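Structure record follows, encoded as structure tokens.
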């Protein structure tokens, strides 16, 4: 019979892998290896480093998406370079935390800005908003699993992707 | 205080001078709060002291290059390496690099540029201007370790070359004995100092011409 810890650890492993990997060709992984790089920087001295960085990232998302929405709201007078510069910043920070899907969306979004495609920009903005919130929820689930493991007396497994 | 003194020995609270592993003090410049957090951690975990600032302007203020007394004028806070993002609003990383290399006080501090964009002309432009290296974002631990090794190695070489060149060129009043690695601190005259590694990017002839 599986102990609670073993069950949780297995759940954690499976969930982590699912966040990185493509299940179908059109479903991109949520995370890339930059997320793994961030985990390397976490240790006993800095046990919440990853959670802190992603938290800053999600705050950044909110702020930048707000900027983009405001710029796109100026009907008839949209400053696409302004939207573009916010997209560039979002692309940068998503890249730094390993938020693969958000980063990918930013590439498309930037193209829409460069070609001043208003509808395209609005669609991209909606998708980016959905995507970062989705990632936020998933990472929260992952962090919760970690907590449960620790509380049950177990160690957080190292998952090799 | 030595002009452009790059390598310092850290004196621990016990007061004994530790020669084994001096800490690099790195000034990290990035407008992204996420990237600042990451680069700070990367550097700390690589045993560097870190100061982060959010813009090129702030970096110049910190160094005291804006005309005022900077925080880094205090001996304890001497900067050994500057790592800066390329694309920043206002002063870009390239602008910052230029200002540092134009300064007689700070031109010897190695500058590393970071960018999310792999543009060859941009890289060449930075290296030509005297950048030590160019890192592609997202920056990883291996990148930081490599840079640190490069900087430490260059500084060790500079100190060796310095004592040799002082022996050759001056012959007088110079404590060029191998045990004294602080020989550079007794000289304010930067014209006899050997150039740091960033100058390796420049031509051979430049290396042997004096500072103007």
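All positions are counted from 1 along the displayed chain.
Keep in mind that glycine also has a Cβ here, set from the backbone N, Cα and C atoms.
Source: prediction; values computed, not measured.
Over in TrEMBL, the protein carries these features:
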- A:46-153: domain 'HPt' (DOMAIN)
- A:88: phosphohistidine (MOD_RES)
Please count the residues of the domain 'HPt' (A:46-153) that DSSP assigns to helix (H, G, I), strand (E, B) and coil.
91 helix, 1 strand, 16 coil
Note the mean pLDDT of the domain 'HPt' (A:46-153), expressed as a whole number.
96
Restricting to the chain of the residue listed as 'phosphohistidine' and a gap of 6 or more, list residues whose Cβ falls under 8 Å of its Cβ, or answer none.
A:106, A:110
